[in-house]
Amino acid sequence: MTELTGVSIVTYQHIKVPSQGEKITVNKAVLEVPDRPIIPFIEGDGIGIDIAPVMKNVVDAAVEKSYAGKRKIEWMEIYAGEKATKVYGKDNWLPDETLEAIKEYQVAIKGPLTTPVGGGIRSLNVALRQQLDLYVCLRPVRYFTGVPSPVKTPEKVNMVIFRENSEDIYAGIEWPAGSPEAVKLINFLQNEMGVKKIRFPETAGIGIKPVSKEGTSRLVRRAIQYAIDNDRDSVTLVHKGNIMKFTEGAFKDWGYEVAVKEFGAKPLDGGPWHVFENPKTGQKITIKDVIADAFLQQILLRPAEYSVIATLNLNGDYISDALAAEVGGIGIAPGANLSDTVGLFEATHGTAPKYAGQDKVNPGSLILSAEMMLRYLGWKEAADLVVQGIEGAIESKTVTYDFARLMTGAKEVSTSQFGKAIIKHIL
């Protein structure tokens, strides 16, 4: 261990700890943020090299403007993906000290990561979520005036998705067709469990979908608490319980149980919907549920009826990206992955390697994820300025190519120029 401003820090092999700054800590489930927090960041693969510097510039400008030098983020680079293999060795896509640094410093932000080709880690993003138990994927979706949209009233979309991150078929428990494991499991299901419904057992890949009461409860608890803290009027449990009764159906039932037992929700008109009074504002919060396929229709037809969404992993993936398309695409869709102690904020899009190093793509997703991070730290003033800056740049039609090609009279600018336009509207 070494000492830094009175705070013990793990000694790292390749990570350079800033000479100034302090750790964020958690005390009795409350985040304690110093005025000069050290924030680890993963640049990301592909276009990460373009968007990460812009994100940091925008955040630094917003923090400086808000607090006049009294607060400042000390950025600390950590490694994952292709860059990690160059620093740590060709097969080390997710170094142990990267995970340790995120745990040590509590809050981090990352660009997009390449999924390694071949065996081993199937997805670096999934590996990070599982190894850090980041059980909430938080995806707020809102519309910025002037952003091109394929729907008539995108301004009606204002939802926050709580996607369960640790279970469901994303747990990665599956085996390919014909493998010894698949054959063994199928034989067990047929011979020991009496399963007759596998149509082509000889050529079937097989997977397992775990959904637990504990996993469901902690997600729904966070979603309901978010609705309370942010004065939202409803929490919707989205599921396919009509088909998968003991996994998705159980998710719905356990979700209602949390609302009743922990928040005092009462049946609304005899149920199944429930309602309770927000203890902070006195407003009513409705707990409801919708079948996933019907919900995907409703977000197009009646989006204003939905506010906070709690759902399982696969449904959450579909829903998050479908909603993002309504308000301008994943180029400006932010996201975070949360445990009870760690917050990892991220760009929600891919690495787009063909654009890497061209200073061309929209950095909005990562910048808005940083805005979420600032709000998570309690730095509301800086977060509001980031939103102000993005709104100003878009309203002035100074945008990257993905928006410019769809906007009349727009001025197409580079990634870095878009960052400067945002900062102009911050300052």
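Glycine residues also receive a Cβ, built from the backbone N, Cα and C atoms like all the rest.
Site annotation (Swiss-Prot, ligand D-threo-isocitrate) includes Ser123, Asn125, Arg129, Arg139; from Arg71, Arg163, the additional listed residue is Arg163. Swiss-Prot names His349, Gly350, Thr351, Ala352, Pro353, Lys354, Tyr355, Asn362, Tyr401, Arg405 for binding NADP(+). Of Thr85, Thr98, Thr114, Thr115, the residue it gives for the same site is Thr114. Closest in space to Arg405 (NADP(+) binding site), of the recorded positions given as Asn125, Arg129, Lys240, is Asn125, taking the CA atom of each residue.
Counting only the Cα atoms, the space from Gly350 (NADP(+) binding site) to Lys240 (site 'Critical for catalysis') is about 28 angstrom. Neighbour counts were taken as the number of other C-beta atoms within 10 angstroms of each residue's C-beta; across the binding-site residues Gly350, Ala352, Asn362, the minimum falls on Gly350. Relative to Asp317 (Mg(2+) binding site), the binding-site residues with Cα atoms inside 10 Å are Arg163, the candidates having been Arg129, Arg163, Lys354, Asn362. Comparing the Cα of Lys354 (NADP(+) binding site) with the Cα of every entry in Ser123, Tyr170, Lys240, these being the recorded positions, the smallest distance points to Ser123. Applying an 8 A CB threshold to same-chain residues 6+ apart, the list for Ser123 (D-threo-isocitrate binding site) reads Thr115.
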